[in-house]
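> Here you go, one structure.
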Amino acid sequence: MNIHEHQAKELLKGFGAPVAQGVAITSAGEAEAAAKSLPGPLYVVKSQIHAGGRGKGKFKELGPDAKGGVRLAKTIDEVVANAKEMLGNTLVTKQTGPAGKQVNRLYIEDGADISRELYLSLLVDRTVGEVAFVASTEGGMDIEAVAEETPEKIITVPIDPTAGVTDADAAKLVAALGLEEPAAGEMPTLARQLYQAFTEKDMSLLEVNPLIVMENGHLRVLDAKVSFDGNALFRHPDVMELRDLTEEDSKEIEASKYDLAYVALDGNIGCMVNGAGLAMATMDIIKLYGAEPANFLDVGGGASKEKVTAAFKIITADPNVKGILVNIFGGIMRCDVIAEGVVAAVKEVGLQVPLVVRLEGTNVEQGKAILDQSGLDITSADDLDDAAQKIVAAVKG
Ligand code: ADP
Ligand code: MG
């Protein structure tokens, strides 16, 4: 689960991290009061969407010459004018995809005098099995580009979970970021605050880009992107309250209600599979035969008929879906249960597109019999290869 920048900053502030003063607003009428509550003389109007690259982003409605999604303002009038221009419009950034995201919320923030823009993040580093800091002097810009073009400018500092952030770890960060006093002296504290926030709140990513050194030499968290581990959310009702459903795909929200692992994609073949690995393999083989999957969907190991029905409804609700491939290996899951779920779902929501079903494993014969006797137009497949070829052919007509 992702949250907005202003929420992430509020949360980090609770751990003591240095963030600027700011006010989130959802209507232009609130802009003046928000700006007046800040010290000035420099203000920043920041689009709150769940995507990065806002500064360099472009508003669809405003044309190529208009300013981006993060704007400096030197007067309160300028704050108000920018708020009016930005709210309600669609911001397209490198991370939103071409459709962009509507800006329904702005963060009016105190402007900082920036001396240097750095990069600092925390993530779960699977190669070492520890939480690690990633740091670079090349902050403020596209870190993926830095990783590709100048990987030597990115350093990783894994943190031993039994020791936490040691002085030696902090010293590595200070050296990597080329910090001088007073910023160098502030780094160990900031690193510990960020690490504590990350671990206590079960984050999967905490990215500060940029972390700045201000003209006065102090550090400040200028941007903050936070993702939480969805499997740990039940432990954090306070975090769950920060969820903004308008930022999420409606199909993914529906899927989460049934505990289905679903990710919407751009293709036209809907997939219903049990097991994440098999779901990945199914997507790969669809691509191999020249088509694109419309989603990733793992119904889980012990899915009920209700769950299968819900999954089927979510897939068919996607207007891009021109064919459906059900690929089930019945281990714990029984093929007859899947077959019953598919038949029930088809009877309930109808079937406007070709459906290919491949069943294998426990109770496969009963499952196939249920499909055959249903009288519905379902194509059976013998193996994954056969299934993929059949659905791709059906979709391509
Ligand atoms: P994004 O990463 O989505 O583009 P950022 O919050 O990183 O958004 O803002 C982009 C750039 O805008 C920053 O790199 C920084 O140069 C400038 N900026 C953002 N917030 C402020 C602020 N409070 N004061 C001064 N400059 C800012
Ligand atoms: Mg940023």
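Indices start at 1 and increase along the chain as displayed.
A Cβ is built for glycine as well, from the same backbone N, Cα and C atoms used for every other residue.
Note that TrEMBL annotation is computational and uncurated.
So TrEMBL has the following annotated:
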{"type": "DOMAIN", "residues": "9-254", "note": "domain 'ATP-grasp'"}
{"type": "BINDING", "residues": "Lys46, Gly53, Arg54, Gly55, Glu109, Ala112, Glu117", "note": "ATP binding site"}
{"type": "BINDING", "residues": "Asn209, Asp223", "note": "Mg(2+) binding site"}
{"type": "BINDING", "residues": "Asn274, Gly331, Ile332, Met333", "note": "substrate binding site"}
> Please name which of the binding-site residues listed here, Gly55, Ala112, Asn274, is nearest in space to Asn209 (Mg(2+) binding site), Cα against Cα.
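With Cα distances computed to Asn209 (Mg(2+) binding site), the winner among Gly55, Ala112, Asn274 is Gly55.
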> Using a 6 Å cut-off on Cβ distance, which of the binding-site residues Gly53, Gly55, Ile332 come close to any atom of ligand 2?
none
> Using Cβ-Cβ distances, find the residues under 8 Å from Arg54 (ATP binding site) that belong to the same chain and are at least 6 apart in sequence, listing them in sequence order.
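Correct list: Lys46, Ser47, Gly68, Gly69, Val70, Leu91, Thr93.
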> Taking the binding-site residues one at a time (Glu109, Glu117), which has its Cβ surrounded by the most other Cβ atoms within 10 Å?
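The largest 10 Å Cβ neighbour count belongs to Glu109.
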> For the ATP binding residues given in the record (Lys46, Gly53, Arg54, Gly55, Glu109, Ala112, Glu117), what is the largest pairwise C-alpha separation in angstrom?
19
> Using the Cβ centroid of Asn274, Gly331, Ile332, Met333 as the reference point for the substrate site, which residues of the same chain not in that list have Cβ within 8 Å?
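Same chain, not in Asn274, Gly331, Ile332, Met333, Cβ within 8 Å: Gly275, Gly301, Gly302, Ala303, Ile328, Phe329, Gly330, Arg334, Gly361, Thr362.
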> For the binding-site residues listed here (Ala112, Ile332, Met333), tell me which residue's CB has the most neighbouring CB atoms inside 10 Å.
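Sorting the candidates by Cβ neighbours within 10 Å, the top entry is Met333.
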> Which of these binding-site residues (Ala112, Asn274, Gly331, Met333) have a C-beta closer than 6 Å to some atom of ligand 1?
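Ala112, in sequence order.
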> Taking just the CA atoms, what is the gap between Gly53 (ATP binding site) and Asn274 (substrate binding site) in Å?
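If we compare the Cα positions of Gly53 (ATP binding site) and Asn274 (substrate binding site), the gap is 35 Å.
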> Spatially, which candidate from the binding-site residues Asp223, Asn274, Gly331, Ile332, Met333 is nearest to Gly55 (ATP binding site), comparing Cα atoms?
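Minimum Cα distance from Gly55 (ATP binding site) across Asp223, Asn274, Gly331, Ile332, Met333 lands on Asp223.
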> Out of these binding-site residues, Gly53, Gly55, Gly331, which one has the fewest other C-beta atoms within 10 Å of its own C-beta?
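Lowest Cβ count within 10 Å among the binding-site residues (Gly53, Gly55, Gly331) is Gly331.
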> Please work out which residue of Asn209, Asn274 has the most C-beta neighbours within 10 angstroms of its C-beta, and give that one of the binding-site residues.
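Buried the deepest by this measure is Asn274.
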> Taking only the binding-site residues Asp223, Gly331, Ile332, which one has a CA atom nearest to the CA atom of Ala112 (ATP binding site)?
Asp223
> Across all chains shown, how many C-beta atoms besides its own are within 10 angstroms of the C-beta of Lys46 (ATP binding site)?
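Step by step: centre on the Cβ of Lys46 (ATP binding site), count other Cβ atoms within 10 Å, giving 23.
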> May I ask for the distance between Glu109 (ATP binding site) and Asp223 (Mg(2+) binding site), taken between their Cα atoms and rounded to an integer number of Å?
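Their Cα atoms are separated by 11 Å.
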